[in-house]
Amino acid sequence: MLNNMETERRNNNKNDDSRMRGFRPSLRAMIFVVAVIWISVAALYGLLKPISNGCIMTYMYPTYIPISTTEDVSSAKYGLYLYHEGWKKIDFKEHLKKLNGIPLLFIPGNGGSYKQVRSLAAESDRAYQGGPLERTFYREAHLASEEGGIVDMADIQLPNQYANRLDWFAVDLEGEHSAMDGRILEEHTEYVVYAIHRILDQYKESHDARESDGTATTGSLPKSVILIGHSMGGFVARAATIHPRLRKSAVETILTLSSPHQAPPLALQPSLGDYYNSINQEWQKGYEVQTTRTGRYVSGPKLSNVVVVSISGGYNDYQVRSKLESLDGIVPPTHGFVISSTSMKNVWLSMEHQTILWCNQLVVQVSHTLLSLVDSRTGQPFPETQKRLAIFTKMLHSEIPQSFNWKRQPQSSWSTHVPAKDVKDTAVPEVHTLSDCPSSFHWNDDILERDLYIQTTTVTILAMDGRRRWLDIKNLGANGKSHFIFVTNLAPCSGVRVHLWPQKGKSSDLPAGRRVLEVTSKMVQIPAGPAPRQVEPGSQTEQAPPSAVLHLAPEEMNGFRFLTISVAPRPTISGRPPPATSMAVGQFFNPDEGKIEFSPVSMLLSIHSHKDIFLKEDHPLAFNLSFAVSLGLLPVSFSLKTAGCGIKDSGILDEAGDTGNAKLCKLRCFPPVALAWDPTSGLHVFPNLYSETLLVDSSPALWTSTGTEKTTVILLLDPHCAYKASIAVSITTAASRFCLLYFSQIIGFCVAVIFFALMRQAHARPIPSILKAVESNLRIPFPFLPFVLVPIMFSMFFSFLSSQPFPPFSSFTIVSIICYLLANGIVILLILVSHLGFYVAAYLHVFIKTRWQLWEGNFGFLFLQWFMNLSSRFLSLKVVRVLRANPLFVPVSVAIILSTFVHPALGLFILLLSHALCCHSSLCNSLTASFRSNARKKESDYRTEGNSLSQQFKPKPGSPSKENSSSYIQTQEDTFHLRHGLLVLHLLATLMFVPSLVSWLQRIGMHQSFPRFLDSFLCICLILHGIYSSESLLNSELPFPRIMGKEVRLNSIYLFAGFYSYLSGMALAPYKALYAMGAVGIISFALNIAQAWTGTTRFGRRRHWHKH
């Protein structure tokens, strides 16, 4: 008997230990949890940290004129308005009667308002009244051959006065969250199509009203509307363009601001992702020639006249990354392009998602661009596609080179190169007009004062002195210093001119075959920082920041002996010379001397100790910094301090100290400038670079990433000064960038982690806890490496089959592993929180139940006993007995009805409630049985003592006996672990539908529609999976062919579902993981039906296990 008691005691202790082990995480799991919390806090700090974008506010006097709409369903909910700028009160009917401009329709984005049109509309009105921007003579952008560069940019002459004003319309979409629900996007698209037709009809009505009043009418009626979309409004604009009910050629120009085109920012709802894919596929077909199935020609491309330009906000736009705003694979380069606000001419700023609507620098440039699209002859936009694209390119793009490989500079289409050996015998034609300064800036030799002959490789200009500097290309460009770079803040043509000479002398004295080549118009404009302030009139100021850069490669100087830099004279003011605010520095240099490379190891080590670089005086003017890891993934904090500026042995610096040193050197050295280029987001310029975080909005290490992921930064430093540069990876910025870039990937990996854990539960006996299953899958090398590497191999194989370029393998693999580890940490944290909640609730339940048993004989509880008796009578009713005999009928019916007719998330909430009740019941039964077993043990040990605890847990009829209590406890624990794993899986699915639920709640009281069939169907599959999953299914052999001689069981289905979810995460489409959940639900439900039909509990052989 003592042996039996000892055995029972050990079994009870083992039950308690196993139950606690299911709740107690391992050290490895806690490390992952701590890493997730630390990265989340760092990312949150980086995202919430205030930033300065440098934007100027836009001011306006808005008036919104409602446009009458017809009686239908869509127009009753939404509205259409016409914007008018001005503070005077106007008559709406008279204003509409005079409508005769260019129609533009503004489409707000997610949660946006139609009133957001005010900045663009106000600046467009000012631009029309004030005329075009002042012309500059920097090098201008041109269409490349792959962009349809058949249009001669010389033919694209910007007007001296705009031909017609812009009429801005805006749709009122009630501030609905279109980024969260596919159904809302469809309804917005339907109304935008209606609004386009209504706008065109309004112009006809206004024209007819003027004719009936005898008012003179000039010009033709508009046939198309220019669409301007912000955020999701840009995607709605594209969706409306291919709508089957849209009139032909009603939309030919689309401009989007921070709009996601590749995929939704929150790709969590299946119907939303499906709608995106369908629209993008239609756009891909729209630029293809229409043929029959036999290949017979039907018509040209449907979208051949549509031009799309996408403007991104850069790295400060946290809501939409530049990768999502790309038009690759949607719009060919001949019909559109994407440009970041950081590389836009006259803008050069990164801005937040909403700031892009009111940032004055961008709004002004966009307004003048849209006005330039109007043909002065017709008063309507140019019908030619290439001409409109050329205007967008000329007005928005800068000509700063997109690559800083000095040895392979792209050749200009308009520059003239004359080989040295052919100079004497070749009659060089006159230089093209594009490369010459206008005649109004004609300089003759008499204007310039005496010439200066430069004997050093570096030339410096500190004032507009009216002199010409001569540089001997042969002598100064020797010893490998064959490249020439020139930075200045002087305007080309009016302030400075650069020429190449075959020989020294006056231009008029040279023979006809040896002409001078002017290269002034090769100067490229760069953004200049704030101009230095003058403390006192006539006093010396700090050096002005450069505003232009000129680079001449050896091939461009071949055949010429001298290079001259001519500076215009500046008249004196009140008899005194003006302050020295003009600067220019040129240098012959060797590109190899300025190369500095940062390896991945050095960048990672800089997290703990920053890397210092010392640059002595007479260093190269241009440094080429190469970062092996993209600055979009590991941004660096760059600090630059002036260590010297050529003032030696004067004692001034010693007396002034570091502060005085910096002030003195700012009078001599121009402010540093950094130019970073990324193939995804374009150019990023950092003027006045002294302390800045170098960051680009790239998307490295993704499945769709191609080519090199290095970031190249060119650093322009004054060669007269010595510098100390300090570089360190910014932890908070890197954490925030990582979360922004790989959020969708981590979500898909979280689903994969849970599927892998469910596979472990379905395979192991006894059923381990979901926490234990997740921890077991992290064992190295097996099964961790197969779970991580097999999907990566599959992705490479799929890329090979689809003939797409492979992503960089090393970075792609490393980032995928990091995301998978973070996903494990998130799942473990979710499990621990839910596990703790269940245990607290179960212990409270058991405690209250035991107290109730002690107090049930007291008089104060007679009323409660009467109430319980009344409840028992109610439970004895026939209907209630039927429902109790089928406990799944009510939750399944309610969940399916809510998912089908109301919202899928509500049905999933019912499913979660069912899981929670089942887990709570199983855990309470396990704890109660364990307490009763302990009570019987103590009763046998202390039979002589009246222990009240034994009365509390006195066995009741139907309770497990002493012999089978251990088996009963184990059964309850298995049920809890199984249901807990399903609860975590379906909790993730519910969270993926929460954004859509938020948008649905916003629309309560308005016109509602049924959920999309795809969402409802998948949710019903999830409900069936959760309700009908049982332990008997875990060992059921599926009616599939054997794989490698082994039976296909539910654990294999979980494995395949995990791999599919993993691939969905890598494709940045986590909503596709719901397809895997739905497939598992269908299989589980089919197995239950088959079991019920055959009357068996299993198909295959059940694995028997015994606890020893």
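Each Cβ is built from the backbone N, Cα and C atoms, and glycine gets one as well.
Per TrEMBL, the features are:
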type     : residues  : note
TRANSMEM : 29-48     : transmembrane segment
DOMAIN   : 99-372    : domain 'GPI inositol-deacylase PGAP1-like alpha/beta'
TRANSMEM : 740-759   : transmembrane segment
TRANSMEM : 780-801   : transmembrane segment
TRANSMEM : 813-840   : transmembrane segment
TRANSMEM : 852-868   : transmembrane segment
TRANSMEM : 888-913   : transmembrane segment
REGION   : 941-966   : region 'Disordered'
TRANSMEM : 982-1001  : transmembrane segment
TRANSMEM : 1013-1029 : transmembrane segment
TRANSMEM : 1050-1068 : transmembrane segment
TRANSMEM : 1074-1093 : transmembrane segment
Query = Near the transmembrane segment (29-48), which same-chain residues lie under 8 Å Cβ to Cβ, leaving out any that are not at least 6 residues past its ends?
reply = 318, 730-733, 735-740, 771, 774-775, 778, 821-822, 824-826, 828-829, 832
Ask   = When only pairs 6 or more apart in sequence are counted, do the transmembrane segment (982-1001) and the transmembrane segment (780-801) reach 3 or more Cβ pairs under 8 Å?
value = no
Query = At an 8 Å Cβ cut-off, counting only pairs 6 or more apart in sequence, do the transmembrane segment (740-759) and the transmembrane segment (813-840) clear the bar of 3 or more pairs?
reply = yes
Message = Six or more residues beyond either end and a Cβ under 8 Å away: which residues meet both conditions relative to the transmembrane segment (780-801)?
response = 703, 752, 756, 807, 809, 812-813, 816-817, 820, 1058-1059, 1062-1063, 1066
Query = With the transmembrane segment (1013-1029) as the reference, which stretch in 813-840, 888-913, 1050-1068 has the largest tally of C-beta pairs below 8 Å?
reply = 888-913
Ask   = When the pLDDT values for the domain 'GPI inositol-deacylase PGAP1-like alpha/beta' (99-372) are averaged, what is the result?
value = 90
Query = Who are the long-range neighbours of the transmembrane segment (1050-1068) in its own chain, taking Cβ under 8 Å and residues 6 or more past its ends?
reply = 263, 267, 702-704, 744-749, 751-753, 755-756, 758-760, 762-763, 787, 790-792, 794-795, 798, 816, 819-820, 1033-1034, 1036, 1038, 1043, 1075-1077, 1079-1080, 1083-1084, 1087
